[in-house]
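As written in TrEMBL, here are the features:
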TRANSMEM  26-45  transmembrane segment
TRANSMEM  57-77  transmembrane segment
TRANSMEM  97-117  transmembrane segment
TRANSMEM  129-146  transmembrane segment
TRANSMEM  153-171  transmembrane segment
TRANSMEM  183-205  transmembrane segment
TRANSMEM  217-243  transmembrane segment
TRANSMEM  263-289  transmembrane segment
TRANSMEM  296-314  transmembrane segment
TRANSMEM  320-338  transmembrane segment
Amino acid sequence: MSSPLNLGAISPIVDTNTRKTTNWPLLLLNCTFVAIGVIGGPLLSRLYYLHGGSRSWLSSCTQTAGFPILFLPLLSLFVQSRSQGESLSVFFMEPKLFILSAIIGVLFGLDNFMYSLGLSYTPVSTSSILFSTNLAFLAVFAFFIVKQKFTPYSVNAVILMTLGSVLLALRSEGDRPAGVSNAQYWLGFILTLGSAAVLGLLWPLVEMSYSKSTRPVNYGVVLQFQINLAIFATLFSLTGMAINKDFQAMGKEANEYGLGNGMYYLVLCAGTVVWQLTFIGGLGVIFCANSLLNGVLGAVLLPITNLAAVIFYHEKFNGLKAMSLVLCLWGFTSYFYGEYSMNKKLKNSPQAQLGENCAKNEVLSPV
């Protein structure tokens, strides 16, 4: 496999004192997916609500319903594995991963609904501020669930980004959207904060699920895990839509949508694709690195999401948001510099050289 971006490449993980080397091209690709989703997803969801959309179950469904696009790369990896004579039992993920992805998928469906309903009562800037607390929840859960090892750089990143979020939270006046009551605003506030806590639990659970596999976890398994997770999350949302009679209401809502009938469906379809990039990117980041980095990445994108809301929805931007942007970027740089330094030391250590030699003698799945 000559290309460093080949998704069928052997897992980049090499255990050496609980550290692992990093496939940087694949990691950066997944970081890009996360960035597109974290910035574009909330904007598209808010666009749905701003012009007449009111179906929170429908909005939550768009966050995972884009999973069919993942069948194309998975099919490519399947054809590659068959051409190399690999058995079906080796290519497909283990039953235990199927069960774990299904359970996590239902929890993701619940989390998506909490976030969607919260976003319907709060502006993008406020919801993204609240959701950024996900990093603090994730750090705690990762420590207890997957024994996440903290370095001075990662601790510095968490502290800086948390401070940036607190600064943003100080600016709350005038945030309540028109037509939203005080009770609805605080309901949205609580639901969004709860959604951040649930997601902070789910990402470490995904990382723990990977560790339960008795075979090497490669990108083909990551795709299967995401597809199954998304299927169960979508089924959860579809059940809510059916109970809430969203299917019967969609036609009328589309006709009354402020941007027009065609734009109504375009916004929903665009949302499904963009949100799907968020989740497959998040799983890819965990595969290449760890769940903490996924949380750090989401936190550093927070002020950028706020800037996008200022540009597209004319939300206010002040000195506190500027300071938050600086702190988040500083924290993000600190985290990546720490990871780069640790990987450089790892590659040059005698233990890493021994690990690479041992890896060459092991029989690993090429997909």
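Any Cβ shown, glycine's included, is placed from N, Cα and C.
These figures come from a predicted structure and were not determined experimentally.
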TODO: Compare 57-77, 129-146, 263-289 by their Cβ pairs under 8 Å to the transmembrane segment (97-117) and return the stretch that comes out on top.
DONE: 57-77
Open item on the list: Is it true that the transmembrane segment (129-146) and the transmembrane segment (26-45) have 3 or more CB pairs under 8 Å, sequence gap of 6 or more?
Closed with: no
TODO: Determine which residues of the chain contact the transmembrane segment (296-314) at the Cβ level, with the cut-off under 8 Å and only residues 6 or more beyond its ends counted.
DONE: 31, 34-35, 38-39, 42-43, 46, 50, 123-125, 128-129, 131-132, 134-135, 154, 157-158, 161, 164-165, 168, 285, 321, 324-325, 328-329, 331-332, 335
Open item on the list: Is it true that the transmembrane segment (263-289) and the transmembrane segment (320-338) have 3 or more CB pairs under 8 Å, sequence gap of 6 or more?
Closed with: no
